[in-house]
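Remarks on the structure that follows.
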């Protein structure tokens, strides 16, 4: 994906590069620092084509646990976002020493909504990616089981998108 076609967040300001963002840049992985969250966790935006490379680098930096993967919709006509929250886990690590970082991939709603699956790096991403696909329609390339998780297989649409129109269920109510 070319830089000018990359979706950017409409509600997240660009910030001075954080430590992890600087490390990714030194390793030749393009990224954009976003403002830290309310508890100081570094947020970084990466292009969909660089996600797998960025996550592999994070794993090498010691971020060995995918705590959470999810999605959200910035609003009708705006971006869909896939986010990944990574932490360091060590048997002898004190809780206050845990490092955390969050990667975000911004996808234009009207463009290709495909990004690499992280299943080969983090097996725990399996159901999390399936839920994000099921609710937002973000496709995870090379996912081992790319099926809906919560909705029936024949369901149309993506229920957590803000522009989703709920189907009329009167015919189902009359059946009972």
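Any Cβ shown, glycine's included, is placed from N, Cα and C.
The compositional bias 'Polar residues' annotation in Swiss-Prot covers 1-12 (among others).
Residues or ranges marked as region 'Disordered' in Swiss-Prot: 1-30.
Annotated compositional bias 'Polar residues' per Swiss-Prot: 20-30 (among others), in sequence order.
With DSSP states grouped into helix (H, G, I), strand (E, B) and coil, the compositional bias 'Polar residues' (20-30) comes out at 7 helix, 0 strand, 4 coil. Outside the compositional bias 'Polar residues' (20-30) by six or more residues, the chain places 3, 42, 44, 46-47, 50, 53-54, 57-58, 61, 101 with a CB less than 8 A from a CB of the stretch.
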